[in-house]
Amino acid sequence: RKTVQGVSWKVLYVADDNEIRNLNPGSPNLVYGQTFQGDATVRIDAMDIHVKSNRIFWTNWHMGTISSYELPSTSSSSSSSQGGSSSNRNRRQSETGLTHLEIPGLKMPRGIAVDWVAGNIYWTDSGRDVIEVAQMTGGHRKTLISGMIDEPYAIVVDPQRGTMYWADWGNHPKIETAAMDGTLRETLVHENIQWPTGLAVDYFNERLYWADAKLSVIGSVRLNGSDPVIAVSKLHHPFSIDIFEDYIYGTTHINNLVFRVNKFGKGPVENLTTSMNHATDLVLHHRYKQPKMTNPCDRKKCEWLCLLSPSGPVCTCPNGHVLHNSTCVELPTPTQSPISPPSGPCNVYCLNRGTCVLNARKQPKCHCQPNYSGEYCEIEQCRDYCQNGGTCTASPTGASTCRCMPGFTGPSCNLHTCKNHCLNGGNCTVNRGNQPTCRCPPEFLGDQCQYRSCDVCSNGGTCLQSANGSQQCRCLPRFQGNYCEVDMCHYCRDGKCMPINPNQPNGEVTCSCKNGRIQPSCYSCEEYCANGQCSFNPRTQLPECRWVLYTERHLLFVSTASIVIPVLLLLLLVLLAGGAVFWYRRRMRGAKGFQHQRMTNGAMNVEIGNPAYKIYEGEPDDDVGELLDSDFTLDPDKPTNFTNPVYATLYMGAHNSRNSLASTDEKKELLSRGDEEPLVDPLA
């Protein structure tokens, strides 16, 4: 992460149809200012800034032009972003600071990028499917990339490394890169991409960001093409982007929003403004966004055009000229002698020992030497075509071929043979046929170290792994089994293990038994099998144990036990429950052996308190004064009743009483009170 400290201003310029508006990205939702307003013919498509000269460049695809405009000072930009500028002042500034670059033949210019080091501008032309460069004044224009390109759109440059990047959103969308002189072209991203419409370079972290308006994501990749990731997802059709410090600034394709989001995907998306009519591009202006660098072209002293590249500055010629002996030679325009008829002899000047011939239409044309091509044989096919020391071979069809040095491959030897070939930490080397081979760590194997090593083979067995990853052991002749775990000498028991062929000591073995016989096994079926049945294999002459019957019995025993044991446990529980119930009922019957019932004598209720009743019955609320049960009667004549002199004496005077005492003497004996108290009937 790199954050600029001590800087008080940033200005975000947004292209809105034929206007350029500005706002302060640190204070969203404020009133924006108007920096430039063009007439009805202006359609600003893409922009970039040259901080040193304080000029902004843009493409106008509607008119096929490229223009620049001198920005107002920082203070006025800041005040205008707060709504303090007037339309009249903007109109005067638009008239005085506007410059149309003289670049003829543009058809549909789209993306534009400023090389702030060498002082050049780069642009894409989707109408002609080319990428071109010129000086910032528009002079010395040169076509860098043509062919194998469909719909070039956004473009950015990295002068510090001498490379450029552009997005192609045609039928085969991709992001490509090349040196800023047009060489070293290669594809950077071609997977998981559909509409790459915006590009931005994070120079400090060496990453390239792109906006995909169809997938609604912002992706990121290292400048060398590795580590592609989705930086921000679930956006609403991001179209154009720029990056500074930790934030990505962008516009949306459908609802014309201007937003800001953390480049690491942290935090929400901030909408800076929503009042745009047709926001097509944006660029952030800051003096540290384009760091100051020494211009390598100052020491090169090129005659016409100086372009940067990873290997240093390159002198080149504009269109219509060819470099000849370090000098740009202008290509002559084909003309015909006024004396000669149209079918006259050739008068076209062909370069590099080319020969002028007449085609079928009697028109002059250059026939070039094998190493050259072009209309005037001005293009050296093999010049800077093969990279990394490759040897170029020209072709009459113009398609050169390269013979690469060991370690490199690709159409122009631009790819490392070992790049990403060996996996899991394998060490890649190149053989004489320039084919990569991998030296794998101990725990991995395979042509690319893609499989884990097979360590299941015993006794020196070799692990064989098929293309699908399945493993198989190749055993030494003495061993067998899926994992070479069976030693054939095991069958010799107390005999001697010896090779079948003495001339092959590591070959198959047999046994020399104590009985003098030489046979595959010294074992007999007697006591050979611990369980099961023993038999000799007629092919190997070795004893074998059959344990199928034992297994069946074992399974039958397990199956029977699984049924019988639960049934026995259930019966045991039932018996225990029955015994508990029987014991409880016996105990309760013994505890309640003595109970009582209230008694009556006719209609007369008599209550006799009995402490024993209270102990066993446990009825604390019963009152001793309550009447006896009316259903109970005392009848001395019945054998089931019992007679009591107390009851007989008590109820002697009653109406329904019976004299149950044997004699008056008995009564006196039982009811004697003393001499001083007369006998009184208690119920009287």
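A Cβ is built for glycine as well, from the same backbone N, Cα and C atoms used for every other residue.
Features reported for this protein in TrEMBL:
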COMPBIAS  75-88  compositional bias 'Low complexity'
COMPBIAS  664-676  compositional bias 'Basic and acidic residues'
DISULFID  Cys346-Cys356  disulfide bond
DISULFID  Cys382-Cys392  disulfide bond
DISULFID  Cys404-Cys413  disulfide bond
DISULFID  Cys418-Cys428  disulfide bond
DISULFID  Cys440-Cys449  disulfide bond
DISULFID  Cys475-Cys484  disulfide bond
DOMAIN    342-375  domain 'EGF-like'
DOMAIN    378-414  domain 'EGF-like'
DOMAIN    415-450  domain 'EGF-like'
DOMAIN    451-485  domain 'EGF-like'
REGION    72-100  region 'Disordered'
REGION    661-684  region 'Disordered'
REPEAT    119-161  repeat 'LDL-receptor class B'
REPEAT    162-205  repeat 'LDL-receptor class B'
REPEAT    206-247  repeat 'LDL-receptor class B'
TRANSMEM  555-584  transmembrane segment
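Shown here: features listed in TrEMBL, placed on the structure.
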| residue | record | Cβ within 10 Å |
| --- | --- | --- |
| Cys346 | disulfide bond | 18 |
| Cys356 | disulfide bond | 17 |
| Cys382 | disulfide bond | 17 |
| Cys392 | disulfide bond | 19 |
| Cys404 | disulfide bond | 21 |
| Cys428 | disulfide bond | 18 |
| Cys440 | disulfide bond | 20 |
| Cys449 | disulfide bond | 22 |
| Cys475 | disulfide bond | 20 |
| Cys484 | disulfide bond | 21 |
* Asked: When neighbour density is defined as the number of other C-beta atoms within 10 angstroms of a residue's C-beta, which of the disulfide-bonded residues Cys413, Cys418 has the lowest density?
  -> Cys418
* Asked: How many of the residues that make up the domain 'EGF-like' (415-450) does DSSP mark as helix, as strand and as coil?
  -> 0 helix, 12 strand, 24 coil
* Can you grab the distance from Cys449 (disulfide bond) over to Cys428 (disulfide bond)? Cα atoms, rounded to a whole Å. => 10
* **Between Cys356 (disulfide bond) and Cys418 (disulfide bond): CA-CA distance (Å)** => 46
* To do: Could you tell me how many residues in the domain 'EGF-like' (342-375) are helical, how many are strand and how many are coil under DSSP?
  => 0 helix, 10 strand, 24 coil
* With H, G and I counted as helix, E and B as strand and the rest as coil, say where DSSP puts Cys404 (disulfide bond). => coil
* Taking helix as H, G and I and strand as E and B in DSSP, count the residues of the domain 'EGF-like' (451-485) in helix, strand and coil. => 0 helix, 12 strand, 23 coil
* Distance between Cys346 (disulfide bond) and Cys392 (disulfide bond) at the Cα atoms, whole Å? -> 31
* Structure fact -> Whole-number Å distance separating the Cα atoms of Cys413 (disulfide bond) and Cys475 (disulfide bond) is 44
* **Rounded to the nearest Å - Cα separation of Cys404 (disulfide bond) and Cys392 (disulfide bond)** => 9
